[in-house]
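Colleague: Below you'll find the structure I mean.
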Amino acid sequence: MSNFYEERTTMIAARDLQEFVPFGRDHCKHHPNALNLQLRQLQPASELWSSDGAAGLVGSLQEVTIHEKQKESWQLRKGVSEIGEDVDYDEELYVAGNMVIWSKGSKSQALAVYKAFTVDSPVQQALWCDFIISQDKSEKAYSSNEVEKCICILQSSCINMHSIEGKDYIASLPFQVANVWPTKYGLLFERSASSHEVPPGSPREPLPTMFSMLHPLDEITPLVCKSGSLFGSSRVQYVVDHAMKIVFLNTDPSIVMTYDAVQNVHSVWTLRRVKSEEENVVLKFSEQGGTPQNVATSSSLTAHLRSLSKGDSPVTSPFQNYSSIHSQSRSTSSPSLHSRSPSISNMAALSRAHSPALGVHSFSGVQRFNISSHNQSPKRHSISHSPNSNSNGSFLAPETEPIVPELCIDHLWTETITNIREKNSQASKVFITSDLCGQKFLCFLVESQLQLRCVKFQESNDKTQLIFGSVTNIPAKDAAPVEKIDTMLVLEGSGNLVLYTGVVRVGKVFIPGLPAPSLTMSNTMPRPSTPLDGVSTPKPLSKLLGSLDEVVLLSPVPELRDSSKLHDSLYNEDCTFQQLGTYIHSIRDPVHNRVTLELSNGSMVRITIPEIATSELVQTCLQAIKFILPKEIAVQMLVKWYNVHSAPGGPSYHSEWNLFVTCLMNMMGYNTDRLAWTRNFDFEGSLSPVIAPKKARPSETGSDDDWEYLLNSDYHQNVESHLLNRSLCLSPSEASQMKDEDFSQNLSLDSSTLLFTHIPAIFFVLHLVYEELKLNTLMGEGICSLVELLVQLARDLKLGPYVDHYYRDYPTLVRTTGQVCTIDPGQTGFMHHPSFFTSEPPSIYQWVSSCLKGEGMPPYPYLPGICERSRLVVLSIALYILGDESLVSDESSQYLTRITIAPQKLQVEQEENRFSFRHSTSVSSLAERLVVWMTNVGFTLRDLETLPFGIALPIRDAIYHCREQPASDWPEAVCLLIGRQDLSKQACEGNLPKGKSVLSSDVPSGTETEEEDDGMNDMNHEVMSLIWSEDLRVQDVRRLLQSAHPVRVNVVQYPELSDHEFIEEKENRLLQLCQRTMALPVGRGMFTLFSYHPVPTEPLPIPKLNLTGRAPPRNTTVDLNSGNIDVPPNMTSWASFHNGVAAGLKIAPASQIDSAWIVYNKPKHAELANEYAGFLMALGLNGHLTKLATLNIHDYLTKGHEMTSIGLLLGVSAAKLGTMDMSITRLLSIHIPALLPPTSTELDVPHNVQVAAVVGIGLVYQGTAHRHTAEVLLAEIGRPPGPEMEYCTDRESYSLAAGLALGMVCLGHGSNLIGMSDLNVPEQLYQYMVGGHRRFQTGMHREKHKSPSYQIKEGDTINVDVTCPGATLALAMIYLKTNNRSIADWLRAPDTMYLLDFVKPEFLLLRTLARCLILWDDILPNSKWVDSNVPQIIRENSISLSEIELPCSEDLNLETLSQAHVYIIAGACLSLGFRFAGSENLSAFNCLHKFAKDFMTYLSAPNASVTGPHNLETCLSVVLLSLAMVMAGSGNLKVLQLCRFLHMKTGGEMNYGFHLAHHMALGLLFLGGGRYSLSTSNSSIAALLCALYPHFPAHSTDNRYHLQALRHLYVLAAEPRLLVPVDVDTNTPCYALLEVTYKGTQWYEQTKEELMAPTLLPELHLLKQIKVKGPRYWELLIDLSKGTQHLKSILSKDGVLYVKLRAGQLSYKEDPMGWQSLLAQTVANRNSEARAFKPETISAFTSDPALLSFAEYFCKPTVNMGQKQEILDLFSSVLYECVTQETPEMLPAYIAMDQAIRRLGRREMSETSELWQIKLVLEFFSSRSHQERLQNHPKRGLFMNSEFLPVVKCTIDNTLDQWLQVGGDMCVHAYLSGQPLEESQLSMLACFLVYHSVPAPQHLPPIGLEGSTSFAELLFKFKQLKMPVRALLRLAPLLLGNPQPMVM
């Protein structure tokens, strides 16, 4: 019988049995695919998947060939999660035919298809692989780089890779692949051996057989191998041995296992990157070209890749080589090679040449692996075979270049060769497993020998290599690792499933529902029908444990049978099984702790192997015990426990602890059946006595024992404590005391058990676990369970101080007397007392208390990896209270002692990585240091909440400190810990990719549908309504800028007008109004700049340009197309272009846009082509055009549509600003004849496209001072007209464009133009500006300019009218901000009448502007400075425009003077606009506003005709633009009024150009809806000069002086500068007060300014810091002296700055003056604070739901609950305190303290932990470090109420003193003198001892208390015990023999 019993008990029950069918199989049938039709035709499904017993085809991963019927295969892995997320589900990759199906489980839902792929040819293999995207190719870089997770699908000729992000790659394979493996670095390929390569006698050198590919875009390179030889030297060579097959590859550690088919041995190699010296060896070696003999000396591994040598190739075209690559090899080899290789088309060969990761010369890897007997090294071919292929520049590769190998394998271990090595003993399955103590084994299954070979390996001490140990053989038919619990499942030949840990056998696995095969062979007994028949009773558990010893053998092979017989008997056993029915055929797909079993009938089941322990307490204790025991014993201990725990019908969660205690104590030698507190353990955890297992009955008649048993059961305790029982007043039926004396005689320990010698060590680590659990408030129940075990052990080990320690913690649980088990004194010698064992119990509370009191403490012992909280608490107290900063950077031994028995390298290493202190974050104070350090070690708010409140207090205090003034650059985790959600959300948003904005405005649908879309619906109205809250100016702007509605044509019909004439009159009026309508889109583009995130599936809406009108009173339509009046041709073409630009500029730069979407927006109708051209230009300006495919750009340009070319060229140039991008340069050069070689074909490029291309060159080369470009552009400014009418019209705009482009190329370089001195740039420009003789054209374009134009007779002088503007602005830009006086003097306005007559007045504007821009620092924002630019002669003689009579003087030309005057003033104003652009400078605004008003007055003056209205309008427009630049984005009301006034003027001189200027001014004023402003960087000024060029077009098609498209370049000067505070709780924009600090400059000192956000910030380079000011919001500081990157990223993401409202405060919207805030109210009635506070008002000042509910339920009286008013008042005042001091997290601490004091008053303290916490709180507030902090920060808010703590202290003192007076003194005396105590007094005594820090009685006798006569003597004696005086005062009466206690 016993035999059978043991067989049963060592069974391990598997759980969760489920039938398994691969998910992909089912999905395949429904997946749309031609192949699943074939699947249906093959056979019925049931037949299809069944297989005969031996073959096991299901899921086989053998090579699939096309001729066989379709096979399936699949693999499973653990679900891959995000960092920090714990997942427990499977992912499956299923392959059948051409399909690959990837499915995933999830925590919450069923398995679902994640991705399915269908490829063109049958899939040979599919696998997961992570590629590393790294610039740095070193080994170290691997940890930090981003990983691209891919799925790879191998077909016969190529491999497809699909990344999770959706990128697809395809790589053609240059050889037939036998197998592909994922590695840590990428993919590893094994080449198939072609038939002729196998004979070893072949004289030709073999090719490499293994190759690697590190990224889908990298090349396939050969693998190198480094094998150590006998003499210590090692060789490096290619892997060429065909006999060497990879059988296993692992990523961590990165090792490869190979099998040598010739020698029949397995070897292990480490896989790593090639070192550079190894590269050189291989490459040099291969270039020497040695003969095969001297190569063959180094074993069979020598190998070199071949490639075609030049002489071989009869083919001249480089591309033919690729397709006919094998044609040469036919001569040297059998044709079969050719037939086996995949044929690869030219396109495939070339496809990888375009990949960005490759050089110019690598077309494909294909030709390089070809065979040729000439050359020894892999070479790359040059592209051309001509003799001078390398002479024509560096564009081509050097003639041959070897392939550089990337990975290398290093030999680690080879199995020893035995004599009887069988053929084909290749491992069929290999895996790595570790045992329960973390020792690692590499296991490989040799199926032919039915053996599992396990090799132990470990890392060397320096972590550089792996050391392999001995091999252990386990007989096995199949095996699989169970990673989760560090074990492996082995299927024995007999069909048994056995669990091993490492090589130690744990036990058989019992699978419910499957017959156990072992019964037929080992037992003749019939098996019970159900597995749960024989439930073991509690009594024989110790027997059960004893019997385990015999079964758990350390030897892996059962000694019951002879191993030789084992092999013989296998087959006949199998026969017996088949008669029995199904048996297990194989094991596969292990994930976590789940495996699939394949059964003999073809079905599969998936089972779960139970975990080692489910309850946290048992897990922690097991970890601690495992940590302290020697490895062998630890494994045995865990195996025993696992067998008990996992037996069929194992324990429930509740009773697991009881089982653990029993098991552990039995292993220590206890007889748990005889021990009072363990004998009645309930192993079921049930509440019903019926189900509770009874003891085995000794007799039929029954006895009193049954009743005793019931009374002692847990069930009885449960019932007894039940409320019903109390209410019925049933007297407790006591169990008759288990006659203790019966037991106590013979309760001794059995010293022969496994753990007997280790009892002290186990006791000590369990004590440390106990102290650790005290730091987790959620583990209270576990502590009570653990303390019972510890007390028993402490008593038996006679450790008095420990028993006393537990008594003080749990006075009711720990009786001072109890059952003691004797340990034979003879045996105690065998006990191992470890060195770390201390006689004084380590106490974490005591340690913290001593630190707070400033006493020295010994280091606290801790278990690495187990007692992490203790470690954290100790170090944080040391840092914050003791102020020791060194410990965060290094492990400090002065506070902690790490307990070790063996050097556990692994754990230590992990720790040091975890606790490293990252110095990236800026910290100043100790509090900040503590918080940042705690975050770095992974401490979170949740951890803080589970710490007891007294221990957590110092940490909370530090957090409170940091919360006040945190740094803005702290990482998200720190901000979360200190409770600043505003900052953590900011940090979190900061990490997000630029996606849809936070403040995206959801436009309510239906608002715009009935009316036409005006292109302005997508603005963020929420923010705009905050910026301009007082009025409706935004609606007004929208009305002024809309062009989608018909205009009102108001014409009065005079009597003399006929109807026909009246219609003409109306249409003429409409034509006038249309000039204005066509000018609106430019301004609208400015207003809506970057305000919209398009939906990628919808086209961009472009509003209509409506040129019709409505005439009142009947609203009749007026149309220009009626034919009554002449309308200019192409009138609307540029207006449409601007409309397209405006629509495109709405798109924000952060939008998700791709090439397809851009093409998708292309209109169907030709008339919309102009709009699309504008749209393309806009996409360039916001940076999206770079995504447009080159092919599409080419398509658009070849269409020859002029506008599209202009838009595209300007767009791509703006997108590539300043990059000197070669491809764009080529694109532009085609359109600029001057950049083409002189002999090239003359292309017919439209003039405007040339202008756009020239400006484009300027943009692409901006600021580069590129000599050739500058030279060409300089010449182009003065390019003369040609003979055949080319370059004869609109020359001015081309010359200007060349000047602007030259200025951009040399932007701000001034006189530092390196290498251009011979060009004389400034002199040449000066000549262009003032005129003179034309210089002779030099260089290659000389020919072009020989014959002059036949139309334009300029002679050989420069036409200044053409060249002056461009040259002037070029000078301005080259010398921008250089303050170069000499150049500026060239630009001074002429000061004599004679000279004035030589200069067009318009050019004086440009000269003045240029001069001021050069003398940047001299510009002053006042009218005096503006006037100072006007020469004296003009100032003195200029007429005042308001005068009636004109002074007459013959010499002076009044017209010239007055025109010169206004233009110079306008030029100075414009420069003022540039200087203060976007600054909202008040002086500049006032000055410019005054001049604008003046010009408006001049216009209506009687003698305006002298100056000319057109000139005055121009100057007014220029001044208005300057004003708008200064106030850009601010929406200033006065400027808006000016713009609105000018909008209404439509007649007379008001042409298209002036309207354009006025509406651009309006757009600038509301730039980007108030979110953008202008920058004054050099680049911005260049862009603004192009956009605001002060010569406006006369009509809508006028591009003579300036190309209209350039007006949109202002975008390059716009930058986001709006800061929008967003309330983090409501997520809505709000007002907040900012304090902005300006850096000091030469004009002003460092100053501070207060702004109410949302507001536009000044330019960031002017600022020092920005601060969100209190008191309403939490303060927040952004320090710009550390760099502006942080703020720039905030501004670019819509400027969202999260802010958090402080408690008791209302937002500025609700309470503008701050009179309603809570603090304002309390100041008014300060005297009755707590009473004045009504709980109802709390909702006004906090949004925390927990606080609101607290106020609702705890602070208001409720019916029938009878709470005392006193408690309600207390709660209300505490709540008020917490909320006003911003410490809501302290509320639980306040309440816990109050509850503890009340419990103490009722004398119901069953445990003293809360009293400890109160004691720690009081000690913290009286600690020295805290007092110092208060002195340093007197203004700091109080962290805990100063009135609350003294009351607490006083109440406790009173309660304990009262207890002393009513008999407590006798109790204390009895305790100190070691006499027995009264049961009822135990808990109060413990409270007294803890609170007053009374030492244990063991410490008292040496002092001799009784002899003391005076208090002074006592004081002296107690000094060394560090006992507080207040405690001594209470003890003195007892010790001095005075009965009256002294109460103070």
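Cβ atoms are placed via backbone N, Cα and C, with glycine included.
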Colleague: Labelled phosphoserine in Swiss-Prot - which residue from S60, S1458, S1579 would that be?
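Modeller: Of the listed residues, Swiss-Prot records phosphoserine for S60.
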Colleague: Going by Swiss-Prot alone, which of S192, S229, S286 is annotated as phosphoserine?
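Modeller: Looking at Swiss-Prot, the phosphoserine feature maps to S286.
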Colleague: For the candidates S362, S1449, S1580, I need the one that Swiss-Prot annotates as phosphoserine.
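Modeller: Looking at Swiss-Prot, the phosphoserine feature maps to S362.
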Colleague: Write down the residue from S343, S522, S984, S1596 that Swiss-Prot flags as phosphoserine.
Modeller: S343
Colleague: Out of S73, S563, S916, which residue gets the phosphoserine annotation in Swiss-Prot?
Modeller: S916
Colleague: Mind checking how the repeat 'PC 4' (1520-1552) divides into helix, strand and coil residues in DSSP?
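Modeller: Each residue of the repeat 'PC 4' (1520-1552) counted once, the result is 20 helix, 0 strand, 13 coil.
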Colleague: At a C-beta cut-off of under 8 Å, are there same-chain residues at least 6 beyond the repeat 'PC 4' (1520-1552) that contact it? List them, or none.
Modeller: 1027-1028, 1031, 1033-1034, 1036-1037, 1040, 1072-1073, 1075-1076, 1078-1079, 1469-1470, 1472-1474, 1476-1481, 1484-1485, 1488-1489, 1492, 1496, 1509-1510, 1513, 1558-1562, 1564-1568, 1570-1574, 1584, 1588, 1590, 1592-1596, 1598, 1617-1618, 1656
Colleague: What average pLDDT is reported by the model for the repeat 'PC 4' (1520-1552)?
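Modeller: Taking every residue of the repeat 'PC 4' (1520-1552) together, the mean pLDDT is 95.
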Colleague: Taking DSSP states H, G and I as helix and E and B as strand, how many residues of the repeat 'PC 3' (1467-1501) are helix, strand and coil?
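Modeller: So the counts come to 28 helix, 0 strand, 7 coil.
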Colleague: Counting by DSSP secondary structure, give me helix, strand and coil numbers for the repeat 'PC 2' (1366-1404).
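Modeller: Output for the repeat 'PC 2' (1366-1404) reads 23 helix, 0 strand, 16 coil.
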Colleague: For a three-state summary based on DSSP, what are the helix, strand and coil counts in the repeat 'PC 1' (1297-1325)?
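Modeller: Counts, helix then strand then coil: 17 helix, 0 strand, 12 coil.
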